[in-house]
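**Student:** Would you mind keeping the following structure in view while I ask a few things?
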Amino acid sequence: MGNVFGRKSRPSRVTEQDKAILQLKQQRDKLKQYQKRITLQLEKERRLAKQLLQDGKKEKALLLLKKKRYQDQLLEKTENQISNLERMVQDIEFMQIEMKVIEGLKVGNDCLKSMHEIMSIEDVERILDETQESTDYQRQIDEMLAGVLTQEDEDAVLAELEAITQEEDVALPEVPSEPVPEVSEAAKAEPERREAKNKPDRELLAA
């Protein structure tokens, strides 16, 4: 029970603008009900005035028509009030949409400001310069791989190679000082014996 009564109520999502729109619509609906009731009453009085004229009661019919004329004017004012209320409702609803758009723009602007604080103009210029340097370096490599070098470039490369060769001693393989072992007579005769042994087999297969 303590948790139930101690639970915090959620904040209402209904804004003051929503309440104002609701009140305006309620007033509009009441005016429309009044307008409908007056319209029915005017039609009824018109029929009654016609009946009075038929009965020869012209004065009463004239008085009734004057009353009807006054109510016609009230009905016209009611129509104008309804139009004003509907226009105000539309203005408030459109203003709510504009407020949401402005709020979205504010959030986006704050986001851009925070991003600008993270990356300054100097950082952007430095990154662009590094990117340009990397692009130029890669282009030079591509040109070299493609063989697009001028004669001056070729001479410079050869000169640098010559300089490196003179600076560093090229390590050559050492010649062995020990004599090469001689092949024995038995090892020399071994291939001949193997050839004589296989010759009868080849002749038999050829026959």
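Cβ atoms here come from the backbone N, Cα and C positions, even for glycine.
All annotation found in TrEMBL is predicted automatically rather than curated by experts.
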**Student:** Between the candidate ranges 17-44, 129-156, where does TrEMBL place the coiled coil annotation?
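**Tutor:** Residues 17-44 are the ones TrEMBL records as coiled coil.
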**Student:** Please find, within the list 88-127, 168-207, the residue stretch that TrEMBL describes as region 'Disordered'.
**Tutor:** 168-207
**Student:** Would you mind giving the whole-number mean pLDDT across the coiled coil (17-44)?
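**Tutor:** Average per-residue pLDDT within the coiled coil (17-44): 85.
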